[in-house]
Each structure stands twice: as structure tokens, then as C-alpha cells.
Amino acid sequence: MDLLPPKPKYNPLRNESLSSLEEGASGSTPPEELPSPSASSLGPILPPLPGDDSPTTLCSFFPRMSNLRLANPAGGRPGSKGEPGRAADDGEGIVGAAMPDSGPLPLLQDMNKLSGGGGRRTRVEGGQLGGEEWTRHGSFVNKPTRGWLHPNDKVMGPGVSYLVRYMGCVEVLQSMRALDFNTRTQVTREAISLVCEAVPGAKGATRRRKPCSRPLSSILGRSNLKFAGMPITLTVSTSSLNLMAADCKQIIANHHMQSISFASGGDPDTAEYVAYVAKDPVNQRACHILECPEGLAQDVISTIGQAFELRFKQYLRNPPKLVTPHDRMAGFDGSAWDEEEEEPPDHQYYNDFPGKEPPLGGVVDMRLREGAAPGAARPTAPNAQTPSHLGATLPVGQPVGGDPEVRKQMPPPPPCPGRELFDDPSYVNVQNLDKARQAVGGAGPPNPAINGSAPRDLFDMKPFEDALRVPPPPQSVSMAEQLRGEPWFHGKLSRREAEALLQLNGDFLVRESTTTPGQYVLTGLQSGQPKHLLLVDPEGVVRTKDHRFESVSHLISYHMDNHLPIISAGSELCLQQPVERKL
């Protein structure tokens, strides 16, 4: 009787999947050293390219991975029919960056989990971690086989700029965390299609779009086409995605990395588009669409992936520690205190410590002390995890690098009786104030108007640390006397009275808060909308998010003389015409 030839021993260069013929002929189980990835979390496994045993090759890791779904980009590798551009399973801290040889536009997903280190740790079965992409948590960013396009120093510093067209944005009504990965991809592609139909001259406008499915119609809201079709300069860095008009240098949007929750390329008919979901005070949660020149969209996606990988690695090198009441506010960048909002129950905060819930207790403010909370200090990516953090208020063209040593040691302010800072509920940093009160002894009755905000969206990772009741330090008499000599200082003035004095864009004035003695507010008109910015932080320092000033007069003259806008929470305020007080 003829015997079947023995089944060859498992070769790691072969596809792990056995054909039905081999299974029937074998009758034996694979060797014990064969990895057994979860069938529910692994898609078709691609063999590594022959001769390419670099540890950064994405495919070489797949036999060791679980909880990872692979799907090919549109028109991807033959023999598989995966979702276009998908490189990671939902809920895992993985970013799929651009792969030059795998189709037009791979995806980036769950990027805020990289920026914050949130989400479940990727499970690795068999073998040890290897390669630069691998972190101690088993997460990685699959860089292109040719490597990243730009030097790390450039991405961590001033950023990489691309000339693209901004096509507008579409409101996203649900948190991306509540959606599965397929739906997230459909949301971004549907948003691209909606914008292509609405904007004349869009590359994808000629194709026939299928009607929006019912689930997507409940997720996508109104479109904002205010700047649609405008050529812009997109600057990608570990700090943010900055969108600036190419002609007038107006900043259209500045989305901090921790506010970006999902990014994707278009389908084969809209391959030159990049879309990402982010939150900002103007559009709330929205999907922003960019039209790239031919062949550039993949480079944009790859650069965004590089920025998130660097940001995540810096986070892992300097993870936040369990802070104590004395250093809990170290690294505070002022993004919560410097702007007034009209509706206090719906404040949105940017958290510079992604993935970390605000600790309770403690009223001593040590945020600017050198050496305090070294684990909570920013690693190296500007704005969220970098020692060179300068916030979002950098002038156009100014490098974002810096040295944390420039932060001077500031002692905590001495206790001061009387009114406490931020009693006015119109200030942006009063959210969670009652939680802090209860944690330190229940000082004051709870205020439902302040503490009744909607549940936070953990996926967007923007809950700011609970505000502290820090009494303001005594203001020097010289500052008050100096302001009285300034023509744009109007003394104590309410918000409504101040807004009534503004007529043209660029008009501004400075007023003293009617509720908090010693606090000064800059009121200006930008794009027809009044803005109110606090000028004195809880420690009594006159500052914006990137500079500290000797006085309010110094701050005003600095921005007026240099024609620099003050940027706060993604919007800017230009100081052009001072509104002089009437004698």
C-alpha cells in the first residue's frame, strides 16, 4: 500500500492557514511551538516578504499577535478581501500608519489611545517583544518598510507642513468610542462623500454616492463649509494638527493630539482625501476633511502615524505617577483657566495627562515648581506630553521646541481670606469644583449648575483635572495703578457691558472682574464673536499658555506690537484696535 509522504514541518515563512487538502492528509496536530492566535481577533495572516527579517516589518509580528485584525487597503494584496486600510482591531492601542506597497490609503485608528496610553494592552502570545515599534505594553505602530518619512526631531519640534485643501467638516453626534471600527470607518468615508457633493470642484464629486444608511444618518449631523475649498498649510507635529490658511495665515483650527480620536483615508473613489475626527470649541466633535494633491494623502497619513508613535513613546518613557496633593497640578498649562465660556454646564477641558483620571483632594498649587511630579511632567511631545510644551498659542512659524528648565520655581500662594478665584460660574475652570470641595472637607454647598454637566466622553480623553479653590494672592497696588493709566482699561465692567463696546473685529478692552477682585479679563471681538480671556492664573501670574508676562500692560503691548494673535482652545483673538474708555 502506498503511503502518503510525511507532512512537512511547519515553516514560519508559510501562511499559517492550512489548506483543506493538507488538513485531510495530515491527521495530526501542528507542532507545539506553533503559535495559536485567537481566531476571533486575527484576520488573514500574510507571510513576511522573503529576505526581509527586519524587526520593523509588520508581517513578521503577526504570528505572535492576538487581539489584532488585519485587513488590506483597497485593491490590496491578492488573495484577501479585508476592509480597506484597516490595520488594528477596535479597542487596542495600535495605529496603522501608511504602508507604501499596500494600497492608496491605510488608516489610523484609535489614535487618542496612543496619545493617552489608554485602552487594553495588546496581548502577545509566544516569543518576546522586538523592534523599535514595540513598547513595553506590547503596542506598536507599524511604520512603512522604508521607514518614517521625516526625522523625529522635526516631527517633535516645528512639525511637518503639507499644502492641501480644507474641504470643511461634518458634525459627529456620537462618541467614536461607542462605535465599532467598521462604523467609524464608514463615518469618515460618508463625511468625505457628503463634502465632495457639497463643494464645487471636489475630486470625488462626480461619483454616484449611495444614499446614507440609517445608522450613519443618526451619527452625522450638519456640515460646516465655512472654509471649504481654501488652500491651507497642514502642520503635523506631536503637539497638534494645525490648519492655517495659505494666503492670509489665519488659523482655521488647531487640534491637539489628545482631542483627535480617529483618522482615515478615503475609499478608492476618494483616495486623495484624509479625514479625522476631533473635538474643538467651535465645531464640537466633527469630522474634518482634507483634499491632498495626487499621491500625497498617503504621506499625510504616514506622518500623522509617526507623530502619534513618537508621542506614545514619550508617554511611556515618562508615565504619570500617582500624584500627591502637593504636586497634583504640576505641568498645568493654563488651558482651562484662560477663557470664559457662556454655558458653564458644558465646559470642555483638555487634559495634558492622557489616560489619567483627575485625583481628588489637595488645595496646594505646586504646578510650576521644578522637580515636582517628575512623572507628571510632559515628556517630549509639545502640548501634551513634552518638556518643550508651549501649548497652542505659538505664533505662526515659531518653533515649538523648548526646555522645561525655563519654568521658574514658584512657591505656592499664601492663603488669603475673602473671595476665592473663579466664583463666577462663567469661568471655564469651575467644572468638578464641588468634587474638589467635598474631597477637601466639603467647603461650601454643592452647585448643581456647575456639577451637573453631561457625562464625559472618555474616548476623547479631555477631562481636565478637577479645579481647585485656590485663593488669589494679594494683587500689588502698582498693577492696579498701572492699569488705570492705560486707555484700554475700563475698570469693573460686566460681560454684557463690555461686549456692547465692541464694534469691529480686532476691537479689545481689559476690564476688572466684577466677582473676583484682582482678576482681569481681556474682552475682544473676533469673527463677529466676543471672546473673554482671563489674564491672571490661579497663582497670580499674568500669562498666556506659552508666555508669562510682567504685567497686563506687558501682555497687551507684546501681542499688539508683534501682531501676534492670542490662541486659546483652538480659536484666536487678534488685538488690533483698543477701545478707549470714556472720561
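Heads up, the Cβ atoms here are built off N, Cα and C, so glycines get one too.
The annotation compositional bias 'Low complexity' is assigned in Swiss-Prot to 16-44 (among others).
Feature annotation from Swiss-Prot assigns compositional bias 'Low complexity' to 372-384 (among others).
The domain 'PID' annotation in Swiss-Prot covers 156-339. Summarised as a single figure, the pLDDT of the domain 'PID' (156-339) averages 80.
What Swiss-Prot records for 488-579 is domain 'SH2', and it gives sequence analysis as the kind of evidence.
According to Swiss-Prot, the N-acetylmethionine annotation covers Met1.
Annotation comment: Swiss-Prot describes Ser36 (among others) as phosphoserine, evidence class experimental evidence.
Summarising the annotation, Swiss-Prot assigns phosphoserine to Ser139 (among others).
Counting only same-chain residues at least 6 apart in sequence, those with a Cβ under 8 Å from the Cβ of Lys154 (N6-acetyllysine) are Val160. DSSP assigns Lys154 (N6-acetyllysine) to a helix in the three-state reduction. Among the features that Swiss-Prot reports, N6-acetyllysine is placed at Lys154, with the record citing similarity to another entry.
If you look up Swiss-Prot, you'll see Tyr349 (among others) marked as phosphotyrosine.
Among the features that Swiss-Prot reports, phosphotyrosine is placed at Tyr350 (among others).
Feature annotation from Swiss-Prot assigns phosphotyrosine to Tyr427 (among others); the stated evidence is experimental evidence.
Annotated phosphoserine per Swiss-Prot: Ser453 (among others), in sequence order.
Among the features that Swiss-Prot reports, region 'Disordered' is placed at 1-92 (among others).
Residues annotated as region 'CH1' in Swiss-Prot: 340-487.
According to Swiss-Prot, the feature region 'Disordered' maps to 372-415 (among others).
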